[in-house]
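Structure first, then comments.
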């Protein structure tokens, strides 16, 4: 055999090995199913809620790893979702409001659907995934748009018709409990679309995002989910605000006040309306829980669970009367801490189930995690893969998680947590001058009622947390990047 023939044979053998390994790698790439829920704090049975009835999400937690200290990068829908889907923080993207679509500013940023589509995956978007439905619409091979809110009670339909005749741009009521089927409201339809799409894709490699709109306002859910709860059993949250908090730390919850029947000239809602809204929030959570159950049941029945990693997550937390406030829109612990459950495909030999982790993880970590999980080559991101924590929940991890919340274009709130303490600086967005600081202790509660910044007793804690904050937000970095489009 000549040297030339030997080299040729070796080349062919190496090529076959390479191609075979690539085929095996592609065959072992898991599918991904992501439940992306709107406005959901960790008000779930598996997270210790004494009130929420969530058997399907609780079951999912027993099948994977439940992260107790997961955080978003901004407590508002659009920037948070952009951060998840690009792996870039809001301060990197320069988008802090709901009025600026991602692609109106960033044409070349690589996103989750874009990367996975380029790598042969069927990419599916159902319901609210991005806040702006136009973002990356062409990167989804299957796209079911975010539907508008639905009202089913005749009196509410008539009310909206009246508003339309009068030329009023007004929202309907803040909650509804019509005695209708799940599909009469949009999240029931989202679950239906998800099940139908899974049947069509059972022989394909896919990544599917199912975006459930509840428990976002309005709290519209079928009556049977309201009937799970007795309104009078809900306790009224502590309404007092933290002592010495920064003047702009909380908003005036204008989002809720924009709904019909909500007074806009009061500091606090009365107990009766407060309980109605808390009731609606819980009914909406149980409604979403039932939809999660339907999709998971289909995943099992179709034989797809064995090769599908499932992620359950939220875009930010929420206040239902705590601090006398409502909705999100802050740097408070209750608004930036979120539920996160990850359950590996059942065929994975190293799969961990029924475990919790106190590792500090962030939604910005999801994209690089998916990249590693599926063996892809991804773009540079601000987040980092948490796959090793998913496989080994006690792995020592990050010391800090950070977030921002802008108050207009001139003031930026930047915040850091180590899982027990939260330190926030309110800065001039251009000069980085500190306008105010807050230090709160959260060892045992999402709520804290005294700003300890400047208290000599906690000088060491404040100095340490300030140092952690400045690792992400150095004072000498120059102005915060700003690409927000003015509201029309």
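Every residue gets a Cβ built from N, Cα and C, even glycine.
Lifted from Swiss-Prot, the feature list:
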ACT_SITE  77  active site, nucleophile
ACT_SITE  131  active site
BINDING   38, 39, 77, 315, 316  Ca(2+) binding site
MOD_RES   77  3-oxoalanine (Cys)
SIGNAL    1-25  signal peptide
**OP:** Do me a favour and check the Cα-Cα span between residue 315 (Ca(2+) binding site) and the residue listed as 'active site, nucleophile'; whole Å is fine.
**Re:** 6
Original post:
Under a criterion of Cβ-Cβ distance under 8 Å and sequence separation of at least 6, what residues of the same chain contact residue 77 (active site, nucleophile)?
Top reply: 38, 39, 98, 131, 315, 316
**OP:** For the recorded Ca(2+) site formed by 38, 39, 77, 315, 316, name the remaining residues of the chain with Cβ within 8 Å of the site's Cβ center, in chain order.
**Re:** 37, 40, 76, 80, 81, 216, 314, 318, 328
**OP:** Report, as a single number, how many Cβ atoms besides its own are within 10 Å of the Cβ of residue 315 (Ca(2+) binding site).
**Re:** 28
Original post:
Near residue 39 (Ca(2+) binding site), how many other Cβ atoms are within 10 Å of its Cβ?
Top reply: 24
Subject >> Mapped DSSP class for residue 77 (active site, nucleophile), helix or strand or coil >> reply: helix
Subject >> Cβ atoms near the residue listed as 'active site' (within 10 Å, other residues, all chains) >> reply: 22
Subject >> All-chain count of other Cβ atoms within 10 Å of residue 38 (Ca(2+) binding site) >> reply: 25
**OP:** Using DSSP with the three-state reduction, classify residue 38 (Ca(2+) binding site) as helix, strand or coil.
**Re:** coil
